[in-house]
Amino acid sequence: MEESSAETLDSSTQGDVPPLAVKDVQVVLQKERSDGISTPSRDDDSTLQNPGTHSSILDDNSKSQSAVPERRNKSSGLCFGDGKSLIDYILVYRKSSSQSEKREMFERNIRAEGLRMEKEASLTNSDVIFLKLHAPWDVLCRYAELMNIRMPFRRKIFYMHRRHKFLSRMEKRINKFRGWLPRKPMKFDNDTLPYLEENESFTAPFSRSRIHHFIIHNKDTFFNNATRSRIVHHILQRVKYEEGKNKMGLNRLLTNNSYEAAFPLHEGSYHSKNSIRTHGAENHRHLLYECWAWWGVWYKYQPLDLIRRYFGEKIGLYFAWLGWYTGMLFPAAVVGLFVFLYGVFTLEHCAVSKEICQATDTIMCPICDQYCPYLRLSDSCIYAKVTHLFDNGATVFFAVFMAVWATVFLEFWKRRRAVLAYDWDLIDWEEEEDEIRPQFEAKYSKKERMNPISGKPEPYQAFTDKYSRLLVSSSGIFFMILVVIAAVFGIVIYRVITVSTFAAFGWALIRNNSQVATTGTAVCINFCVIMLLNVLYERVALFLTNLEQPRTESEWENSFTFKMFLFQFVNLNSSTFYIAFFLGRFTGRPGAYLRLINRWKLEECHPSGCLIDLCMQMGIIMVLKQTWNNFMELGYPLIQNWWTRQRLKREHGHIPKASLPQWERDYNLQSMNAYGLFDEYLKMILQFGFTTIFVAAFPLAPLLALINNIIEIRLDAYKFVTQWRRPLPSQAKDIGIWYGILEGIGILSVITNAFVIAVTSDFIPRLVYAYKYGPCAGQGRAGEGCMMGYVNASLSVFRVSDFEKRSQPRTNGSELFEEAVKYCRYRDYREPPDSTEPYTYTLQFWHVLAARLAFIIVFEHMVFAIKTLIAYLIPDLPKDLRDRMRREKYLIQEMMYEAELERLQKEKDEKKKKDRAHHKEWP
């Protein structure tokens with residue numbers, strides 16, 4: 001147990017001070033006039049620091065000093081001109097801006113709140129002014145108490161349960177054996193990462209009246225940089241800039257262009273001439289780059305505590321979730337790879353593919369009108385082998401495994417999130433009530449009602465107005481989904497037309513593989529359409545969300561998130577759903593084809609099945625989208641920052657980057673996305689959908705996702721550390737609405753995989769044939785040799801003379817088969833043309849249909865039962881965490897009680913001393 005420092009400021013020991021309300025503009029002005037303070041315009045160049053001499057004019061609060069270590073001097077770019085006061089926040093504006101009056105009033109009220117300010121012109125653009133803000137110790141203490149920020153006050157005591165002697169001996173032997181093994185390569189050495197005291201200490205909401213309980217070694221480092229920036233931002237959001245009830249807050253000034261940018265500073269450069277192993281890290285940014293964002297540590301665990309300390313809990317939780325998701329992909333990727341390898345090793349023993357490869361005498365009907373020739377079934381030998389790689393005996397097991405995996409992933413993430421929430425002191429954290437959006441206030445300011453929580457009047461949206469807007473917004477969503485369906489319809493028409501065009505193509509390679517060429521080009525065109533529509537959807541979602549007029553920022557964010565996810569999910573998966581469940585299902589039969597607009601014959605599946613088309617769709621879309629996302633993730637910010645450097649070089653000549661102060665270097669970086677972490681989560685959630693929804697058709701999807709995520713983590717880290725301004729650290733307890741979306745995808749994946757196995761793959765028809773119609777029928781087994789004759793049983797016979805006139809092939813097949821073709825085969829279960837009821841469905845068709853429906857029902861109920869059982873058996877809180885929380889609560893109460901007794905005892909002893917001294921005095 002460490003003793004806390006007893007040093008406190010006078011203002012910090014006076015007990016609880018009432019919270020400072022937002023000051024009214026008139027009160028501040030009257031106070032300044034009565035004190036005789038002149039408040040010159042802050043836009044006046046006379047108040048600016050001269051970049052050449054680094055002299056500055058500080059505000060009236062400069063008497064309260066907040067020293068920083070002496071190594072932080074003027075040239076570091078992290079301090080005021082005095083080299084001592086740390087810069088906690090930067091505001092940027094242009095002198096040419098027309099909002100100078102609002103800015104003046106805002107800055108006067110900032111000073112009234114106790115913040116110190118200093119201005120400095122840009123070295124590269126004299127029109128750009130940087131306003132540096134510093135929060136002194138007393139301001140930090142006051143607002144830390146108002147914001148209930150938890151700070152360390154006692155070291156944690158770690159204890160071990162009593163163990164049996166036998167278990168203790170076994171543990172010693174295991175530890176001795178581990179000593180012979182190499183160290184875990186994925187963990188960092190203890191000397192690499194800094195000691196973070198708050199992770200090893202009990203914390204409590206900060207209180208100035210109990211400041212002697214907290215561990216304060218140094219007032220300059222007690223509040224870390226992220227906490228200081230958060231406190232300053234909290235103040236800026238509540239400072240007025242104009243007379244009026246709701247004329248306050250930095251966000252509104254950024255919206256009306258009073259300020260151009262607002263951001264906390266990075267902690268220096270992320271590069272260093274010296275090695276981190278020999279000289280240590282120069283700052284936390286440098287340490288994050290070397291231990292997290294550098295490509296050489298791609299196999300290492302993420303330093304989550306350091307990420308949380310530098311970027312805040314919200315960004316820390318995103319990377320924790322991304323790392324957890326990536327780690328959970330390892331078993332899924334391994335099992336998926338085994339399923340694929342199982343298909344590779346059993347390929348030579350697959351009776352179905354052997355029959356297709358040996359069927360040189362089986363003539364297949366043309367797959368399109370007129371231009372497509374008759375084909376031998378053996379021509380699709382390679383496609384049958386590729387199909388077996390994905391559609392084999394292990395496919396059903398893998399589908400069940402992935403459904404269970406999705407549940408285990410979500411349940412164990414809840415446990416992981418609980419551990420992080422405990423370690424990061426988020427268990428008791430409650431999000432503050434959101435402020436009302438300025439747009440909502442402007443729209444409904446005329447009608448008010450009392451807020452039942454705060455008891456204050458606020459703008460009110462009538463019931464009819466709210467739901468009429470929701471109805472219009474819902475209609476807009478429905479219309480955009482129809483646009484997606486129209487785009488898919490266009491792709492279908494393209495496939496129908498081009499399959500005939502490629503069949504008549506001059507190049508033999510394309511002519512002989514017309515269906516594969518059609519599918520490949522259609523997928524690439526579909527990808528381009530997806531990317532174009534995504535740009536449109538973002539604008540439509542933004543328009544519809546603003547049309548709804550959400551009351552708070554969190555409501556706006558949730559509404560926008562749902563719309564964007566729905567649009568992009570439908571956009572990305574609509575073509576995949578078409579190929580999986582509609583392609584080749586409603587084409588009719590030769591001689592009686594169903595046609596699109598009574599003109600184009602609908603596309604048929606390949607003779608080896610439709611699964612190969614689904615595999616191509618998923619593989620190409622997944623690879624192309626991930627490649628494009630990774631380029632936009634890193635390439636776009638790199639190009640933008642490079643262009644900024646080139647522009648500055650043209651305008652001002654070569655300026656060494658090191659000569660620019662830190663605030664100017666950060667200003668030249670890209671700001672974080674306007675929607676925060678929305679794009680980062682959206683990419684991963686869509687990938688999670690691709691990984692689970694159609695995984696039965698593409699077992700390699702988890703492997704591709706794993707490889708992408710390993711790259712994604714380092715790309716995101718590099719972007720946050722080097723290419724973006726430092727985002728404002730903010731708190732969060734979980735990943736928000738995304739968890740519910742993940743649960744919805746998990747449920748949908750069970751249904752879609754059941755339909756993929758039952759409808760798209762040939763698993764059910766083969767099972768029915770093996771037990772009912774094959775050589776082993778009636779024997780109750782389906783071993784090797786039971787599939788002989790399956791291909792012939794799954795093909796129906798068609799008389800060529802029964803072709804429609806517009807479907808009649810231009811050749812009779814004599815050039816390939818030496819005589820005119822009289823009969824051809826097609827995939828279906830229909831009666832032959834010479835039967836009493838030609839081309840009607842056979843009994844085997846109805847058996848297969850009944851088996852498919854039964855499989856879907858049994859599979860769904862079984863998997864949902866397993867998912868529910870697993871979710872029930874896995875508690876949300878680990879048992880050891882629950883015990884730690886209870887013990888910590890008990891220890892905190894004991895320590896607070898002991899500290900209070902100690903304080904009372906000291907007061908009692910001091911009183912006795914005074915009484916004794918009083919009695920010894922002469923009367």
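Including glycine, each Cβ sits where the backbone N, Cα and C put it.
No curator has checked TrEMBL annotations; they are predicted automatically.
What you see is a predicted model, and the numbers here were worked out from it, not measured in a lab.
Here TrEMBL flags 1-76 as region 'Disordered'. Summarising the annotation, TrEMBL assigns compositional bias 'Polar residues' to 1-15, 47-67. Per TrEMBL, the feature compositional bias 'Basic and acidic residues' maps to 30-45. Feature annotation from TrEMBL assigns domain 'Anoctamin dimerisation' to 79-304. For 307-888, the entry in TrEMBL reads domain 'Anoctamin transmembrane'. As annotated by TrEMBL, transmembrane segment applies to 318-345, 394-413, 522-544, 564-584, 685-707, 735-759, 849-874. Under the heading coiled coil, TrEMBL lists 887-921.
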Range from 394-413, 564-584, 685-707, 735-759, 849-874 with most C-beta pairs under 8 A to the transmembrane segment (318-345):
685-707
Taking the coiled coil (887-921) alone, what is its mean pLDDT?
74
For the transmembrane segment (685-707) and the transmembrane segment (849-874), decide whether they are in contact, meaning at least 3 CB pairs lie under 8 A, counting pairs 6 or more apart in sequence.
no
So if I exclude everything within five residues of the ends of the transmembrane segment (394-413), which remaining residues of that chain have a CB under 8 angstroms from its CBs? That is, six or more out.
321, 324-325, 328, 331-332, 335-336, 338-339, 342-343, 691-692, 695-696, 699, 702, 739, 742-743, 745-746, 749-750, 753-754, 756-757, 761, 763, 859, 862-863, 866-867, 870-871, 874, 876
Below 8 angstroms Cβ to Cβ, which residues of this chain, lying six or more residues outside the transmembrane segment (735-759), approach it?
317-318, 321, 395-396, 399, 402-403, 406-407, 410, 417, 558, 561-562, 565, 580-581, 585, 614, 681, 685, 688-689, 692-697, 852-853, 855-856, 859-860, 863-864, 867
The transmembrane segment (564-584): which same-chain residues, six or more beyond its ends, come within Cβ distance under 8 Å?
477, 480-481, 484-485, 487-488, 491-492, 523, 526, 530, 533-534, 537-538, 540-541, 603-605, 610, 613-614, 617-618, 621, 625, 678, 682, 685-686, 689-690, 693-694, 697, 741, 752, 755-756, 759-760, 827
